[in-house]
Amino acid sequence: MRPSLMNRCQPSRMCRLVCIWILASGTASAAVPPSAPEPVPASISESGRIEVSQGEPASLTFWNREIAILRAGIDGISPADRVRRIQGKIADVLEGNPGERVEAIRSTFANLTGFWVRIDGHPVFGLVPEDADGLTGETVEEQVRRAVDVLQEALDARRQQRSLPLILEGVALATAATLILAVLLWGVVKLEGRAMRRRLRTGARSDESVSSQRAPIRVAGLDLEPMLKGIERTAIKATGFGLAAILVYLWLTFIFGRFPFSRPWGEGLAEFMLDLLATFADGALQALPGFFTVLVIFVLTRIIVRVVDGFFRTVERGAMAVSWLEADTARATRRLTVTLIWVFAVTVAYPYIPGSDSQAFKGISVLVGLMVSLGSAGLINQVMSGLVIAYSRALKVGELVAVGNTLGTVSEVGMLSTKVITPKRETVTVPNAVLVGSPITNYSRLADERGAVVGTKVTIGYDTPWRQVHAMLTLAAERTSLVRKEPAPFVLQRTLADFYPEYELIVHIDRPEQRFFALSELHGHIQDVFNEYGVQIMSPNFEAQPGQKVWVPKEDWFAAPAAPEARTELREL
């Protein structure tokens, strides 16, 4: 035994006993058969009991292999200390021995009964029943048998590692495997680059050929095509990286297995891969019933959704009429019904999704629920406002409306917002909650075969005959090309204010969308006509009573272009 180890063992009574026992075992091993118990020296038999306790398990390894796990603390020596001493003992024994034969013998030492593991007849460590794993039901005999086999394997690998032909063979195979790996990785990189270039060329041709024929993929007004293209590129890169990682993993497994010392690493990698594949296969087999159920639910839901969607679209186009559903509300009803069907289908299919009962799935569900709870107030408000707009039929696509300061044509009525295109080709997005809380003026709803009604107001002083004002406004309307002759334009006196009366000219145009251009042309003709007859449109505002009365003599009541036979008639808008 090495002097350092002897010096460390001198203060301890247990160390002295172990040294005497090992020496006695070594001298008696040639005379005592393996199955016979080792003789107990007289000094040991008089030493009394040896205390055995459970300590922190320590792994005994040799040549990259786990020989045994020690769990017993013997007379104050912890399992970790036992491991260090055993490793030193094995090194001492192998210094002068080839290490060809490993065996185990049953022996009794003081009050302990266990096994000695020997290398070429030299005892190197002992195992007691307390070293066995009681939780798994392991016995010390099973632990000893496994320790002998693994230690014998480690010693054989130690001898093989010193064989030059074996090392040269391993180096040659490792070099060949490395070259093959380099070629395969080069091929993976080339395939990934080719796939990316092909995707770019295909995408460019597709964009050029079908951009004018196919509508973009949109969900809730969001164009998903750029996102899908990004996902496709990421999938190509991830596939290439995954193939490269698998090749490197297989290469490491092969390289480690070519050399005796690293062979356990290779076996561990291979075992991990096989276990992973077996786990995936077992999980896939166990998940097949759930997958099948989810697939059936999805297919049935898809069929139901297509039937429901087709029905509502038919009503929306006006090809079918039902008493309980209007064509204007069919679109909103279709969206709401389809959403509810899918929500119900997901609720039914959720328990059958593989892994739905796992903690990770539950954590994701809690996170999604929290996000929905925190952000649902405004979302639900907008959705409910959208339903109010849809079912109140306040507006629909193509109608000319005014919401607050926004005047334009409705281009889209969504669940969350409504888009309006102004005459300047500006798209204004109005949240549905704002629409519900604001007055909506619809200029198109009552437009019929008589056209849409447009009105403009003007204030003229009391010193201008009202009949003349009526005639001039009517003349201006007749000169406007976008104003219909029938129904004929007419004038209303809206109010008699302190300084002037207010006149409103009512005309009809063919389409509500012409409102802006018709009013612009009409205002120009009104100015021209009033200028022709010398009547100012600017209305007076008095701070004091003027020197003469502001009135119209009777002889001026029918000033040109008014005619004596002109009468004010009530007209139906």
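One is the number of the first residue shown, and numbering goes on along the chain from there.
Every residue gets a Cβ built from N, Cα and C, even glycine.
Taken from TrEMBL, the feature domain 'Mechanosensitive ion channel MscS' applies to 379-445. Taken from TrEMBL, the feature domain 'Mechanosensitive ion channel MscS C-terminal' covers 456-537. Positions annotated as signal peptide by TrEMBL: 1-30. Look at TrEMBL and you will find 166-189, 235-256, 276-300, 336-353, 365-391 tagged as transmembrane segment.
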Counting only residues 6 or more past its boundaries, what in the same chain has a CB within less than 8 Å of a CB in the transmembrane segment (276-300)?
345, 348-349, 352-354
Under the DSSP assignment, what numbers of helix, strand and coil residues are found in the domain 'Mechanosensitive ion channel MscS' (379-445)?
19 helix, 25 strand, 23 coil
Based on DSSP, tally up the residues of the domain 'Mechanosensitive ion channel MscS C-terminal' (456-537) by helix, strand and coil.
35 helix, 21 strand, 26 coil
Average pLDDT across the domain 'Mechanosensitive ion channel MscS C-terminal' (456-537), rounded to a whole number:
91
